[in-house]
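Written below as structure tokens is the structure these notes are about.
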């Protein structure tokens, strides 16, 4: 019996120790956000709302806020148009080649916004290599048309269309097929069914998708930075960036207020959409799951051609333009078979210390973030699924926050938190570790949700069977839970890696010399006129991303439902 | 092999008792079935025994060790109890041999011995040729055998089976019943078998505990349950036949009592001299034209070789077997021989109520 009580002690102590991981998780994920809130009410120099009112009444703040609302709003409308058109056609009709189409529509979401902006700039304007090669470039001296509010709106709209698409398609799949069949039995044609049955029923998901697109567009830094800053058109994220880069940490209290302002606008947007959803909620009763396939009839081929042409225009053309710019010897030289060279690629990948360092930093940060998050998320997800208590449920509900809030908000929050580590003289600001902390907070939910999904589908009897044959908690987690959740964990890790490698918004404010990330370097290269190198670097990242997405796609059958974001 | 003892065991879910004062002792090497309708608490009792749930009151002992209750709780992994789940719960990422050898790996059994014991367990369950298959490549019956092999390989103190045949088709159930019997004979393991199917329970178990609403109504050998049910629930739930209220005539002999049943005075087997009901099995009824008790045929079903008749006699539904078909609505004579009379605990309170209101 002594062996029994000894083992007994072992497994129980792990049972008691495991909940302790909730503490660092809560601190890393939610600590910075709380710290930012405190800063807004004057934490540190006595509680005051003075600088709150000063900054909010400044002209520059008001202009940036108006620009932010205009570009994010306009981009959202465009996203909803594109996303909804694709979602309705893909989810409801008998179109062919849906899988490939969806995959291509997802690529803009996965490509970093500053690369999107760079690519589009290579497609338009007087110095476009592609246009010059084709001989249709506008005359020199004419303005780059994308350096404007319209340009920002178009690119934001394209970048976030897939968010609307995914939400709406998931909603459309919930509509019971018999509702549509009932409408058809009542004599309604395909268009009538769509307009009078499907459209009203899918309104909630369209609104939810629009809200997501709005919040994401509001926090987007890459596109307004590349297109707006040259045109002196500032939005809130670029205003924060310019202040902080120009003046240093002394303006922290000021930019904290601006960050809170974006956060507030984002939350108001979400609440507004919730309010609209409340008034439009339908209880859907019936069998869902049967995919609808309304026949397009003779319109099928033209519709397919139109959609693919659109994909070609928003995805292939800009990437071609980017590729064209990346293989010329110097900016301004036209692209011919003789002038084409891989010099910029070689420079970027092997020669230039800055780009090599950026590759190293980004890969290091992305890998480390993925590994750490995987290691924490597995036991955490298990804890939330099998041993739920009030604390774990609270963290579960709030952990979306650092991901949902605009990236600049999180960056400012992280600077405030880690500038002076509590109880020490140490600072993480200016080191690579502050970027890592921000990544951990931001991408937690990207890692956690897939693992949660797979654990929720795991029969508890699997673990009970292991317990009954003598495996204590540690062994059960290692031998049973880990291997069965591994495919989802791998998918989650790749997603974290993808998102982190892409990332600019957070690191734009947190980098310093030596800790540049890929996103930062692309922006800096373009900013200093090294467009060819920027293009080569951007193109190499696009290739990396498409390969990684392809890897996830190839393993799609092994993941439970809901793990891969572009396959709901 | 160890005996299992439950003393005053109570388990509540959200204040509602799922088990209500269970007292039972299962001998070492005994095969016991827990039989009852869904929601009667039989699976809860099994999960408490395995250690997946903690009792609110009472004590569970395995081979003399207290594993739950009296301030002690031994977690499932150190109870040395095997369990076969309804869903089999085979680990999909391990092969058949991998599933079966896992309990030995956890116990750090040396490799050579492990291989030998896994082979022995696979032989015993007829899985020798399937050792390298993955669970997804097996049929339902084969998965069940793997689950059984996985639990026999570490020689547990007791084996629990949770509706193990519920997911199998009829033909497979019969053959798996043989496997369980063989398994029990060969290993002599203490086995606790949860089922809602009385034919499984009666066919397999040494003793059956009939449960209802968190209590054990009767715990006895199958033939005793059938011939001498303790109350109306057991009489109605186990076996075919009718349960009919009876009136005392005042005459009794040791082991027998004369009762007025359906207007007839009938000598009944009984262990009490004040029974309230009789259980009339189909075998206790003979149809004869000159019998004084008349009954109307209300249904007639062919069972293969004989017919099952439902008869309406004095407003009670009796069940009888007949060698030939009877027309519905036809009147037949019924003779009842040697039924079992018992005192239903609920009837007692009903009578008491009637007396106070009178």
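Just so you know, glycine gets a Cβ as well, placed from its N, Cα and C.
Of the listed segments A:458-479, A:480-501, TrEMBL assigns transmembrane segment to A:480-501.
Contact check: the transmembrane segment (A:403-421) against the transmembrane segment (A:363-383) gives fewer than three Cβ pairs closer than 8 Å, residues 6 or more apart, which falls short of the contact criterion. Sequence-distant residue pairs (6 or more apart) of the transmembrane segment (A:480-501) and the transmembrane segment (A:20-38) include fewer than 3 whose Cβ atoms are under 8 Å, leaving the two stretches without contact. Scored on C-beta pairs under 8 angstroms, the neighbour of the transmembrane segment (A:148-168) with the top count among A:20-38, A:69-92, A:99-121 is A:69-92. Beyond its flanks by at least six residues, the transmembrane segment (A:20-38) meets 256, 259-260, 263, 376, 379-380, 383, 391-392, 395, 398-399, 401-402, 405, 409-410, 412-414, 416-418, 437-438, 440-441, 444 of its own chain at Cβ-Cβ distances under 8 Å.
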